[in-house]
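Data first, discussion second: the structure below is written as structure tokens.
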Amino acid sequence: MTALSSLLFLLQANIYQYAAPIIFGFGIIGNIFIIIMFVRRRQNSCAIYLLMAAVVNTINTTFNFTTTIYTLNHSDPGNSILVFCKLRYYFIHVWGQLARYFAIFACIDRYAVATTNTRLRWIARPSVAWKMIIAMIIIWHILASHLLIFVTINNGRCGQFGLYYIVFEIYYLIFVCVIPPVSMMIFGFLAYRKLRHLHGRIMPVSINTHSKPSKNKIHRRDRDLLIMVLGEVVFYVMTMSGYPFIVLETAVTNYMGITKSIDHIAIETFFTMIAILLLYLNYSAPFYIYIVASKTFRKDFKALLI
């Protein structure tokens, strides 16, 4: 083992031991605060999407935090128990996908709220939001079922192997690295552009009940929700942008059967771990993104604490 590979493996072990539990721990706390704050806004369709994303993120970060802490002093059960190996891959992927696609629907919802097209505005209804959430839960539990079949343990390691490794990486690139960020950016940009057109017609949250507002107007609370969603979109694009290139390099070189040096393997493993850790940040970061992005959210959080 060379000096470079030894250094990278040491860094990887320390980052996994100290950084991962901190990220997951703060993620659990932040997502619980989101649930507490948004459970009172169930009449708003966008808040419903963000609420349910926080629910699955709480489950995801709690599970990852528990397994990470356990494996610090014990062997990873996923590398020896096949059922646990399959279920862990399956549920972590399903929970992650649900959070991502709830964020996509939150962007679509903000565009629907800001548009003047009455045929599209019906999308931004709580009843529609709950139907879409139920549909997504069913769809992703079915679409991800291939993990239960093909994920296995090989040489004491849980994962994807052989041809399925290539197929899974292609699937992951499409449904994690391409569709979510592209959809978020498109509908987020459209919603932002529509919002700028409606900027002069923004209404305060408190509305005079004696006047009948126009359907084309948008509440300040809706504008704040859009800002929070856009902040989450920017963070997601930034943290996942490097992962596709690492995956492609690893998949192509493995498929071509290229002989890799110890340093090459160490570099690949290290940067793969960093890219995955950045993806996990998306499960922990929403609360802190909302705090930074929205003055109204900060006020509501202070009021909750007081």
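Just so you know, the numbers here start at 1 and follow the chain as drawn.
Note: Cβ is positioned from N, Cα and C throughout, glycine not excepted.
The domain 'G-protein coupled receptors family 1 profile' annotation in TrEMBL covers 30-290. Per TrEMBL, the feature transmembrane segment maps to 15-39, 46-70, 90-108, 128-150, 170-192, 225-246, 270-293.
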Averaged over the domain 'G-protein coupled receptors family 1 profile' (30-290), the pLDDT of the predicted model comes to 86
- May I ask you to check whether the transmembrane segment (270-293) and the transmembrane segment (46-70) make contact, with contact taken as at least three Cβ pairs under 8 Å and only pairs 6 or more apart in sequence counted? yes
Segment proximity, the transmembrane segment (15-39) to the transmembrane segment (170-192), 3 or more C-beta pairs under 8 Å: no
Same-chain residues at least 6 beyond the ends of the transmembrane segment (90-108) with a Cβ under 8 Å from one of its Cβ atoms are 46, 49-50, 52-53, 56-57, 59-60, 63-64, 123, 129, 132-133, 136-137, 140-141, 143-145, 147-148, 151, 175-176, 180, 183-184, 187-188, 191, 225, 229, 232-233, 236, 279, 282-283
If one takes Cβ-Cβ under 8 Å and requires six or more residues beyond its ends, the residues near the transmembrane segment (15-39) are 47-48, 50-51, 54-55, 57-58, 61-62, 64-65, 68-69, 72, 273-274, 277, 280-281, 283-288, 290, 297, 300-301, 304
